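Visitor: I'd like to ask you about the structure that follows.
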Amino acid sequence: MRRPVVMGNWKLNGSKAMVTELLNGLNTEVAAVEGVDIVIAPPALYIDQAAGLVKEGGNKLILGAQNTDIHNSGAFTGDVSPEMLKDLGASHIIIGHSERREYHEESDEFVAKKFAFLKENGLTPVLCIGESEAQNEAGETEAVVSRQIDAVINHCGIEAFNGAIIAYEPIWAIGTGKAATAEDAQRVHAFIRAHIAKHSKDVAEQVIIQYGGSVKPENALAYFQNPDIDGALVGGASLKADSFAAIAKAAAEAKA
Ligand code: PEP
């Protein structure tokens with residue numbers, strides 16, 4: 001049985017006041033929630049502040065981050081390393097988000113290097129994959145997600161997916177309010193798991209596959225009721241304590 005993981009990607013949103021308010025609210029909302037890992041990924045600058053607040057809440061929340069570099073130190077201006085993230089208490093690190101693939105031209109191979117470096121440093125990669133609207137309409141979803149996963153398998157080997165997380169995020173559903181249907185998401189998730197199973201059934205059986213793309217309290221339960229949807233990567237709805245907590249509670253309820 002896979003334990004669900006619900007992760008909030010705050011993206012480029014935050015201030016010291018906002019972090020305090022959101023995490024105080026979340027600490028209260030999730031205090032009694034069991035059976036789900038609830039992860040937050042604030043902007044890197046606020047991870048340290050968030051760590052203090054997570055501790056005050058009894059460490060019910062898990063700390064994550066939105067990106068990493070592929071070096072631990074040196075002349076890499078502006079970057080943040082796995083060692084630094086670990087030093088601040090972050091464990092679950094998003095890589096390959098479509099916004100980074102698009103705005104920072106991150107290739108499948110570069111994302112695979114990040115995956116490998118996170119594993120080397122004992123951190124949990126949250127590998128985002130997913131197709132564009134045009135690729136979806138052209139029937140290329142399976143080809144795109146296979147290519148993105150294969151880049152990691154080729155670089156790191158299939159065993160690297162042990163303990164890792166995949167977030168299937170159709171790009172057209174991110175921040176648009178136009179979520180994939182639960183049925184369509186389940187179909188792609190089952191395909192992803194079967195694709196991994198071609199290399200290792202054991203790895204496929206344990207890997208967490210989250211859905212991401214306009215997940216809200218209103219539609220969350222329908223996703224989690226599907227056997228291959230093990231949680232969610234949540235953007236907009238993770239910026240409000242009550243809506244993010246409602247999504248986490250839905251995951252706990254569906255997978256209990
Ligand atoms: C995301 O940024 O990963 C995401 C899924 O955003 P949203 O929930 O706002 O669609």
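Just so it is clear, glycine is given a Cβ too, placed from its N, Cα and C backbone atoms.
Nobody curates TrEMBL annotations by hand; they come from automatic prediction.
According to TrEMBL, the record shows the following:
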ACT_SITE  His97  active site, electrophile
ACT_SITE  Glu169  active site, proton acceptor
BINDING   Asn9, Trp10, Lys11, Gly175, Ser214, Gly235, Gly236  substrate binding site
Visitor: Across all protein chains in the structure, which of the recorded positions Lys11, His97 has the highest Cβ count within 10 Å?
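Guide: That would be His97, with the most Cβ atoms nearby.
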Visitor: Over the residue list Asn9, Trp10, Lys11, Gly175, Ser214, Gly235, Gly236, recorded for substrate, what is the maximum interresidue Cα distance in Å?
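Guide: Max span of the substrate binding residues, Cα based, is 14 Å.
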Visitor: Using Cα coordinates, what distance in whole Å links Gly236 (substrate binding site) and the residue listed as 'active site, electrophile'?
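Guide: Cα-Cα distance, Gly236 (substrate binding site) to the residue listed as 'active site, electrophile': 15 Å.
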Visitor: Would you mind ranking the binding-site residues Gly175, Gly235 by how many other Cβ atoms sit within 10 Å of each Cβ and giving me the lowest?
Guide: Gly175
Visitor: Could you measure between Gly235 (substrate binding site) and His97 (active site, electrophile) for me? Cα positions, answer in whole angstrom.
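Guide: Here the two Cα atoms lie 11 Å apart.
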Visitor: Can you tell me how many other Cβ atoms are located within 10 Å of the Cβ belonging to Gly236 (substrate binding site)?
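Guide: Total other Cβ atoms inside 10 Å, all chains included: 20.
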Visitor: Name the residue among the binding-site residues Asn9, Ser214 whose Cβ has the smallest number of other Cβ atoms within 10 Å.
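Guide: Comparing Cβ neighbour counts within 10 Å for the binding-site residues Asn9, Ser214 gives Ser214.
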Visitor: List the Cα distance (Å, whole number) between Ser214 (substrate binding site) and Glu169 (active site, proton acceptor).
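Guide: Computed Cα spacing between Ser214 (substrate binding site) and Glu169 (active site, proton acceptor) is 9 Å.
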Visitor: Would you mind checking how many other C-beta atoms are within 10 angstroms of the C-beta on Trp10 (substrate binding site)?
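Guide: Other Cβ atoms within 10 Å of Trp10 (substrate binding site): 23.
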Visitor: Please give me the CB contact count at 10 A for the residue listed as 'active site, proton acceptor', counting all chains in the structure.
Guide: 26
Visitor: For the residue listed as 'active site, electrophile', which of these recorded positions sit within 10 Å, Cα to Cα: Trp10, Glu169, Gly175?
Guide: Glu169
Visitor: Please classify the secondary structure at the residue listed as 'active site, electrophile' using three-state DSSP.
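Guide: Once the DSSP labels are grouped into three classes, the residue listed as 'active site, electrophile' ends up as coil.
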